[in-house]
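See structure below.
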């Protein structure tokens, strides 16, 4: 049986013996080491070379090298291919090795962390990598969780363990834990929210679920220690399983480059075929004359000669295939990534968070974004709630926007939170004077919640709240003198204006998405029964006593005022209860609670019954603060013709409020459409109605353009064309409606209607729906998309978009870890796109245009020369010039331009967002631009060949000594070429730096220095066959007609370019031309001032402020979390296997929070 266990079969169920490594060993469970690296010392070279030769250009040059080793067809020395190929392979290998070394270091750092493991009855410090499934480990405060654990016990008196799980799910959950013996559970999987298993202790079997498991990726907080049993280790942990394989993202320029390289191969084949045919014709007509003194080898005729010539020209014209293109692109992308990392204007000092380019392959795509999909909470907002205003007994308190009032002094309250700020001293005075309504208001806030308190030292209170809203309300009550201190399942202890008061907690009527309210029923020390209720104003108003009508109208006006400020509100009410009625109600509540059938419905009826005839106390207004600069950023991005869609899990009212606060929604919009139907037909009707309102003349069916793209045009694409509308519209759609709208028969209607709108807000959406919306736009709009979020629920959206941006904020690092770029504030997105993205796109396009220009010009000169050398595959240049042309003479100048060039500086780029639009339209580099490049190269090559040829034909030196020969012509042709392409580079460069100057002049100087050295007597004497051009440089470059020829070719190459550009600027100036003209005339613009938020007049009501998950009322009243903590842990190891036993085996409750 042990042999069978060791077989690598598919695991269907996991058996674990606690603290018994010998029994667990035969199962061969994965150890706890993680490995994210790709290579090791032995596999690096073969694996890396295999990956590199999967690139078309590298594989082509390898074949080329093999061809060059065949003497019959090789007209170039082997080093002309080996040197560039080795350089490219080496540079790429060094980069890959560097990346993998960093991965090894990261893995080593994690795997070498220490943790205490229970071995042979004592705790030993072990490395994480040595921890095994079945081990019992001890975690201490602020330690990372080593593996997926079944929790056993903790140090806390209430057995509460606070676990930071924001990296997993951004929430906290109360966990109930049992002692362990033998565990049977599900095999490793990636479901973070589910766990199935059983626990057997002393013959008793218990069910295990996700509430009893602590996942790797969490951090222990505010807990001295806890013990856990390892159930999954290393690659089997749910975190590693759910990581999956990240989709490799490529830019649209990458895809275009692959297509162009394929076209270049075809073009090369055509050129070589033309020259091979020319060779056959020449051999028949002219070649026979030379047979007398150059006899052909046996069996070689004109046809075979043409065949050999074809392959010879494949070797000679190889420069048309850009081997150094890919490595140059990688260097440019790496450099532009460093600019993002180094940008101090994207550094957030409060959290010491710089911007980070987590990938180096997508920079230029940042300059082509058309759609942005943004999360709301924590992305547009800070996810920090502040108690801003309140309405008590018909009077409003708190500071209005723009109003200057003094800050309230809370020093009279020893238990006040020093971070709490309020701006209306009259409310404190009211509470301290003993106003009953005000005191009842804050008493409600101190009692009606599910917050967990922590008080390590006297007076130092920490609240662990289910949502930031609840924490803000309880903290407000604390500062106004009603301090929540502690709770048990049956009581709540608070300080009321310095006096300790304990209320009996009789029931918690918990919050859920249908009720949209929560209530508590308490008994005061005087024996008075009170029901306190807080909830959405519309829900609470329906349950008010008729006597509250006047107060309700006043409070409603205050709620509308708060809605205008974008605040999140709750209505507060109470009700005095009768003892006899309460006794009867509790009996019926107990019966409903233990009912097997219809439990939820019976409880809802009881809740409805008791929550009637409430007395209104007032309302709270909590501000979910916008991040700094969000409205201005959205405004600038809109000017750049970038459409922003908000995809949020929040409810409609809350999302709309933030939309108005961000200026995405405005009162002066033509119309804001709400889609909230509960059926597919209803959603269709609402979408069609909105579409017809915006564009009455639009056809019923969308215009879908079908095309083909990709390598060999195998990929079918469908694009829904944009439709023009008059006016500004917005669309708000709910999650349940979106589910219908994303179905196959409705998705195009949704896309069509949404794309007509300036703003789209999707509310109550799931992570999967977020990804589906992004995929829909990607698929049918063929536009570049960007997704930005800060939580684990945004990961699917971030991975689905072309570019994923993570905000490192309040909800952990999971979004950042899955993103391509990260920073701390939404406002930095403006600089990322309008400055870095636009520059990167501009530089990459300039590089590609110039790169293809210089290489095609170089190659076409060979093509023309073939007609004058009998198609003999003789090179027009010196072999060493061919070798060094791309590697030395032209490499650094183009890199300098591609790393430093900018049409206008960052300030002007931000001031004129319209400069961004050319990237969205692919104006700077496309198939048309590539064809124009080829035509330009063709013209330049004609000049660079025929002008030197005509100038040198039958020419002698001015002293009459020597007739011009092939070597002199080759030197002149290559010098003219290099100077002409350098002038073209200078014309393309807008922004000159000292580095650019050094690269340009340095490369020209290097050319002449190397040329004079290689053509010297010394080099000829040492390497006679390698350097045959002895004396050519000094004999040719001292002739005036040579320099005049160089000048003439340079002028003829540059003149049409200058004239064409001058004409375009004068007659059809682009937005870039206009702004650059403005730059020359005007001073640098001042930074845009921060505008104060503008008060919005609105009759809309803001939304319910609770979290949208089921509340924890049942758990806090269950009594499970207050059982006594074990005083001692004893470890017994028997023959049948070790178990961890405790003297008290009662279940424990564990809590994890952000």
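Glycine too: its Cβ is placed from the backbone N, Cα and C atoms.
Note: TrEMBL annotation is automatic and uncurated.
Feature list (source: TrEMBL):
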- 16-82: domain 'P-type ATPase N-terminal' (DOMAIN)
- 76-94: transmembrane segment (TRANSMEM)
- 259-282: transmembrane segment (TRANSMEM)
- 302-327: transmembrane segment (TRANSMEM)
- 375, 377, 790, 794: Mg(2+) binding site (BINDING)
- 375: active site, 4-aspartylphosphate intermediate (ACT_SITE)
- 816-1070: domain 'P-type ATPase C-terminal' (DOMAIN)
- 847-868: transmembrane segment (TRANSMEM)
- 880-900: transmembrane segment (TRANSMEM)
- 929-949: transmembrane segment (TRANSMEM)
- 969-987: transmembrane segment (TRANSMEM)
- 999-1023: transmembrane segment (TRANSMEM)
- 1043-1068: transmembrane segment (TRANSMEM)
Region pair the transmembrane segment (1043-1068) / the transmembrane segment (969-987), three or more CB pairs under 8 Å: yes
Dominant neighbour of the transmembrane segment (999-1023) in 259-282, 302-327, 880-900, 929-949, 969-987, by Cβ pairs under 8 Å: 880-900
Stretch-averaged pLDDT - the domain 'P-type ATPase C-terminal' (816-1070): 88
Other parts of the chain folded back onto the transmembrane segment (259-282), taken as Cβ under 8 Å at six or more residues beyond its ends: 56-57, 60, 302-303, 305-307, 309-311, 313-314, 317, 320-322, 325, 709-712, 852, 863, 866-867, 870-873, 927, 930
Distal contacts, the transmembrane segment (969-987) - CB-CB under 8 A, six or more residues away: 850, 853-854, 857-858, 861, 875-878, 881, 885, 889-890, 893-894, 897, 940, 943-945, 947-949, 951-952, 1000, 1003-1004, 1007, 1011, 1015, 1029, 1032-1033, 1036-1037, 1042, 1045-1046, 1049-1050, 1053-1054, 1057-1058, 1061
Cβ atoms near residue 790 (Mg(2+) binding site) (within 10 Å, other residues, all chains): 33
Listed binding-site residues (375, 794), ranked by Cβ neighbours within 10 Å, top entry: 794
DSSP-derived helix, strand and coil totals, residue by residue, for the domain 'P-type ATPase N-terminal' (16-82): 33 helix, 2 strand, 32 coil
Cβ packing number for residue 377 (Mg(2+) binding site), 10 Å threshold: 24
